[in-house]
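Participant: Input: one structure, supplied below.
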Amino acid sequence: MVVEGSVRVNTDGVFYNPRMKTNRDICVAMASELGVNEYLDAFSASGIRGIRVRKEAGVERVVMNDISPSACRRIRENLALNDISDCEVTCESASALMSRRRFEAIDLDPFGSPAQFLAPAASSARSYLFITATDTAPLCGAHLKSGVRKYLAVPLNTEYHREMGVRILMGAVIREMARVDRRGIPLLSYATEHYVRVHMRIKKGAREADEALESMGYVEHCFGCGGWSLRMGMGCRSSGTCSFCGGRTCTAGPLWLGPLHDKDLLRASLKRLDPESRAHRLVLLCSEEIDVPFYYDHHKICRRLRITPSKVEKVISDLLEHGYRASRTHFNGVGIKTDAPMGDLISLLA
Ligand SMILES: C[S@@+](CC[C@H](N)C(=O)[O-])C[C@H]1O[C@@H](n2cnc3c(N)ncnc32)[C@H](O)[C@@H]1O
Ligand SMILES: [Zn+2]
């Protein structure tokens, strides 16, 4: 028997990963802060996520689905164990269910890549779509061909590879939504441990979809000096040359280059999380990071410059003093997000 949040579940014979508690804690806080009324837990396994959303977030209509009949039996048992009698349990392929029915909020938490479920989810979710992806190697560029196949975009294994993963996934979702005249608006997006997680609000309309595509683009990265520059738009216009060191660049994309979070929502959600929890720490870091794509890895830059790294806080305060925006990032403990160009950051460090 597993106790998590305010629920108890029997996980015998079904998938359950205790490391995903943070993911579920944040999911419950978001569902309650957003006032979700209807939620599909499309890959339910033990049912723990849906049960927590019903009980802790108070979402009225929760549908729990799993393709495995034995998982569905376990979900029913776990609902009874928690004295819940008003949730629907369905036992079919998530794609088939989403193709047939629409839901206010949909949560995708499959094994590995969510890529094949993005198209049905983009049409089925009316207002919110939450997605977990555990295929971080393809998303972050470590398994390049698989990443290209799954997400129809080129990821690159850069120093900011965790954020690359988030933006490749987000880009794929935004493009799927645009195909059905919808716009995906990122509410909270993070990469931690072995997975990437995005939470999005959905708006209807062709014009909305066009606007979303304006924040798609490419990143031209130089593996020589670690610098990069952004190219906005769906058409790729790489220069091929690094503007900092003159080296050859590689291009990743198309990917999402817009904001990753709705900061007001994150600040409001914090009060729903235990201040001592990992979930609280993660959402706090996300709410404090500035909205510029990617980040510098302070230690890697210093290694390249052959200097001893100072404290990250010191670099951030120096950047702020020089009139740049700068913050830490949840993606990397020694990462620095800033709008300072690579050259200016280097002169400040050296
Ligand atoms: C990673 S687990 C879900 C974990 C769960 N969301 C949690 O938070 O504990 C994935 C589940 O998806 C189910 N599954 C696999 N393929 C599916 C499909 N095409 N449609 C629906 N469920 C599927 C598996 O039986 C498994 O129970
Ligand atoms: Zn360069």
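Cβ atoms are placed via backbone N, Cα and C, with glycine included.
Please treat TrEMBL annotations as automatic predictions, because they have not gone through curation.
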Participant: Of the residues ALA80, ALA94, only one is listed by TrEMBL in the S-adenosyl-L-methionine site with ARG24, ARG49, ASP66. Which is it?
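Facilitator: Answer per TrEMBL: ALA94.
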Participant: For ASP66 (S-adenosyl-L-methionine binding site), just count the other CB atoms lying within 10 A of its CB, please.
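Facilitator: Its Cβ has 26 other Cβ atoms within 10 Å.
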Participant: Give the distance between the Cα atoms of CYS225 (Zn(2+) binding site) and ARG24 (S-adenosyl-L-methionine binding site), rounded to the nearest whole Å.
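Facilitator: Per the Cα atoms, CYS225 (Zn(2+) binding site) and ARG24 (S-adenosyl-L-methionine binding site) stand 39 Å apart.
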Participant: Give me the CA-CA distance between ASP66 (S-adenosyl-L-methionine binding site) and CYS222 (Zn(2+) binding site), in Å, as a whole number.
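Facilitator: Their Cα atoms are separated by 44 Å.
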Participant: Could you check which of the binding-site residues ARG24, ARG49, ALA94 is the closest Cα neighbour of CYS242 (Zn(2+) binding site)?
Facilitator: ARG24
Participant: Would you find the one among the binding-site residues ARG24, ARG49 whose Cβ has the most company, meaning other Cβ atoms within 10 Å?
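Facilitator: Result for the most crowded candidate: ARG49.
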Participant: Determine, to the nearest whole angstrom, how far the Cα atom of ALA94 (S-adenosyl-L-methionine binding site) is from the Cα atom of CYS222 (Zn(2+) binding site).
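Facilitator: Cα-Cα distance, ALA94 (S-adenosyl-L-methionine binding site) to CYS222 (Zn(2+) binding site): 40 Å.
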Participant: Select, from ARG24, ARG49, ASP66, ALA94, each of the binding-site residues with a Cβ positioned under 6 A from at least one atom of ligand 2; if none does, say none.
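Facilitator: Not one meets the Cβ criterion.
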